[in-house]
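These notes concern the structure reproduced below.
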Amino acid sequence: MGVCFSAIRVTGASSSRRSSQTKSKAAPTPIDTKASTKRRTGSIPCGKRTDFGYSKDFHDHYTIGKLLGHGQFGYTYVAIHRPNGDRVAVKRLDKSKMVLPIAVEDVKREVQILIALSGHENVVQFHNAFEDDDYVYIVMELCEGGELLDRILSKKGNRYSEKDAAVVVRQMLKVAGECHLHGLVHRDMKPENFLFKSAQLDSPLKATDFGLSDFIKPGKRFHDIVGSAYYVAPEVLKRRSGPESDVWSIGVITYILLCGRRPFWDRTEDGIFKEVLRNKPDFSRKPWATISDSAKDFVKKLLVKDPRARLTAAQALSHAWVREGGNATDIPVDISVLNNLRQFVRYSRLKQFALRALASTLDEAEISDLRDQFDAIDVDKNGVISLEEMRQALAKDLPWKLKDSRVAEILEAIDSNTDGLVDFTEFVAAALHVHQLEEHDSEKWQLRSRAAFEKFDLDKDGYITPEELRMHTGLRGSIDPLLDEADIDRDGKISLHEFRRLLRTASISSQRAPSPAGHRNLR
């Protein structure tokens, strides 16, 4: 149901996630294979039969004025708040056009999303929802600065300076990070869906269109193809997408901001999809030679085709290029870090030891994003994470509801020196993104993983023997269960290849991460 609430122009407006959105001047028709094929099943539309539970006194509070734009189910207007004269945007949705239950669900979901994100500085502010016998009214902040797309096109060469681009990208990443903490994936990040609050050059950017957005349960994936062709991530086309797809889209936008061209282009949508799946962005053409290495590194790490190796929104906010001029307090807790902390307790003892060894080989520059995450969780800034701070951090990943006993179990697994606290070294071992380390710098991965291996391989013969494993871990009793997990060829010892495989893959006991008990079904 997303509508761009611009007092200048409305592009890509749509009242239904199941319908095509209006074409924009710089993008092909957004795709949505969820389009319903059901026939109308009754003389009274579902919308007319539904009480949405919203207030019934819209006209007592607002006077509708100038038309801004329209979608499939209704129109968007400027309206005046009667008590104080404030100008707002009102989307008026026609109940008679909500024929099927899915259309009603879409309206309710959009309101739910706007309420969930209410208060975020880079999301259009939700004021209220009303209804009467004929319409649903969604009242929001009015943005009068125009679309991000229009500002791009107004720039010389259709591109931003690096400094200005970083400011814009930082705001989009903050929106994505906030969405992901709420168990929400935007699914249609593109310049047309961001508006400026005002025409001022330093106006804040606002995300306005959540028409394709959806809640997702932890560990689950979307299996449909939605979004806009130029910005769609490879995993969306493979029908296995999640929050990572939003970061890919922001990577595409960043590429456009910096050079004025799309990274993946063809004359047809099928051609675009093939480009997305097969090719890498071109950094050899003008003006990339004049763009900083830091900016190029940032874009490349967002446009990694493997979603496991792609930066998360929170990690991207820690990157030197986008962080310059920003504050550490802008960086939200990273859902992938929280997931890694939850998973660490499920890993075998051997994998926990291996990850600790790998973490000890990394320098500060390689784990700067994890330093930001540690500092965000360490509320009292005493250099360690307490049980209460761990509980507060894990609670920020809203779809999960962990019992205190489970939080204590997680902290105990991470706390290798058993002092009841998690220091930074222990935190890195549990929070590390191994796939990213391998993808972003394969040579460094080879060196780091070998160095970790050699912490076990005391005689440097190229294998970890049972006795070396026992000496490193300090474990008593049979070492066979640990050895068996990594010893793929069953020769009674662990090679470097087998050790790297252990680092890359979750242990056998944790390959199926369960959805949290008591997960709130937000749909």
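Note that Cβ sites are derived from N, Cα and C of the backbone, with glycine treated the same way.
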Look at the Ca(2+) 1 binding annotation in Swiss-Prot, where ASP378, ASP380, ASN382 are given, and name the residue from GLU366, GLU389 listed for that site too.
-> GLU389
Candidate annotated in Swiss-Prot as phosphoserine, out of SER55, SER416, SER495, SER510 = SER495
Which one of SER318, SER360 shows up in Swiss-Prot with the note phosphoserine?
-> SER318
Out of 235-265, 328-358, which range is noted as region 'Autoinhibitory domain' by Swiss-Prot?
-> 328-358
Swiss-Prot tags one of SER203, SER515 as phosphoserine; which one?
-> SER515
Pull the DSSP breakdown for the domain 'EF-hand 4' (482-509) and write it out as helix, strand, coil residue counts.
-> 16 helix, 2 strand, 10 coil
For Ca(2+) 4, what surrounds ASP487, ASP489, ASP491, LYS493, GLU498 with a Cβ no more than 8 Å from their Cβ centroid?
-> TYR463, ALA486, ILE488, ARG490, GLY492, ILE494, SER495
CB neighbours within 10 A of ASP487 (Ca(2+) 4 binding site), counting all protein chains shown, number 19
Select the most exposed residue of ASP491, GLU498, where exposure means the fewest other Cβ atoms within 10 Å, treating these as the binding-site residues.
-> ASP491
